[in-house]
Amino acid sequence: MRETTLEYAKKLDENDALNSYRGEFYMQPGTIYMDGNSLGLLSKRAEQSLLTTLDSWKKYGIDGWTQGEHPWFYFSEALSKMCAPLVGASEEEVIITGSTTTNLHQLIASFYHPKGKRTKILADELNFPSDLYAIRSQLALYGYEATDHMKLVESRDGHTLDEADIIQAMTDDVALIVLPGVLYRSGQILNMKVLTEAAHEKGILICFDLCHSIGSVQHELDEWGVDFAFWCNYKHLNGGPGSTGGIYVNHQHLGQNPGLAGWFGSDKEKQFDLAAQMTPAPDAGAYQIGTPNILSAAPLFGSLEMFEEAGIDAIRDKSLKLTDYMMYLIEEELCDYSFTIANPREEERRGGHVFLVHEEAARICKALKEHHVIPDFRSPNGIRLAPVALYNTFEDVWNTVQILKEIMKEGTYKRFENKRDVIA
Ligand SMILES: *Cc1c(COP(=O)(O)O)cnc(C)c1O
């Protein structure tokens, strides 16, 4: 039987197989961090791999490209190998490069080939705006207006998408589909396998934005036959602010010229021939453009090592337990305060965070911060709480709900304006 007591939370922590990892992260004493789905925390291993990289620069200068623990010329490829299991791909299909948004630009530029009647890009109205901006601007390069070439699947409840609605929108004028793996607000997991099968039946290519799913839930992109994917590494993967992103291209699509070419997309044996004609890499490395952002990628060596070690299955298992426990406490303790849990409840549809809706969300978040709980406000009325498997405890979850209860009971949130700050 579950209990709402602190003792029960502590017992869950004692029985947690991943509880040793918390000590590897920089946790601010007295602060409960519930925002690891926006920016993951720094681990000692990530710090160390960054320092090691700085040391290579210090020691080797230009020769750091070929010397040191992780020679920079092969940096992206070495990280891709570590990252590939997290998306269920082979190392040739993955490259650590760019940012989420530039990677989407690269994929559209490479694989969106409007022909005849098939000219549209299908996305959804709940997707992260940057993705929609990228799609719109790519369409504009063809002289297409988004109003008639970008098709957006609508949400029925404002929080989630119905796979049936998405499949229905896969008409024969659609060339490419871009959808999130996990929705950034409600944390809904889309059924990527079913959507990919449906897209392929209709002869449409499909691409997923994995920003909120990578490092949090398992992926089998190869097995599902997903065509392309892209993501950032600074959320659940703890690569640091602005950390280098990632691209996956299914092996069936490898070997073509990239839409946006640059010398780091070259075959590594030929790159330094410095020929006027580019020979693209035979693998996903071809989608790199210029010199990699070495210092922004360096923390990933330390961070990804922890994912390799702990295993994504154990991480997902604990994440589900944490969010399940959080929802239980919210229902038991906050039932008098008009919160709605707006994320899907079922395990196969629930990502790594809990999404609460409340009219006073903006100022409740400010009050939480004043009480040293770091939530994530999403305009106009959403509170995201992400208990992260590698560094949050069941006790963190218990404390968060207790503090939330106190804020509501005392009405201390009323001292703040119900308006978002510049960054929310
Ligand atoms: C975080 C996030 C982004 C951010 O894109 P950047 O190019 O890294 O700034 C894009 N899409 C989604 C779904 C995200 O969650």
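Note: Cβ is positioned from N, Cα and C throughout, glycine not excepted.
Keep in mind that TrEMBL annotations are predicted by a computer and have not been checked by a curator.
TrEMBL lists Thr100, Thr101, Phe128, Pro129, Ser130, Asp131, Asp209, His212, Tyr234, Trp263, Thr291 with the feature pyridoxal 5'-phosphate binding site. In the three-state DSSP scheme, Ser130 (pyridoxal 5'-phosphate binding site) falls into the helix class.
Positions annotated as N6-(pyridoxal phosphate)lysine by TrEMBL: Lys235. Sequence-distant contacts (6 or more apart, same chain, Cβ under 8 Å) of Lys235 (N6-(pyridoxal phosphate)lysine) comprise Gly36, Asn37, Ser38, Leu39, Gly40, Cys211, His212, Ile214, Gly215.
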Binding-site residues compared (Phe128, Tyr234) - the one with the fewest other Cβ atoms within 10 Å: Phe128
Cβ under 6 Å from ligand 1: qualifying binding-site residues of Phe128, Ser130, Asp209, Tyr234: Phe128, Ser130, Asp209
Number of other Cβ atoms within 10 Å of the Cβ of Thr100 (pyridoxal 5'-phosphate binding site) across all protein chains: 23
Set of same-chain residues at least 6 away whose C-beta sits under 8 angstroms from Thr291 (pyridoxal 5'-phosphate binding site): Phe264
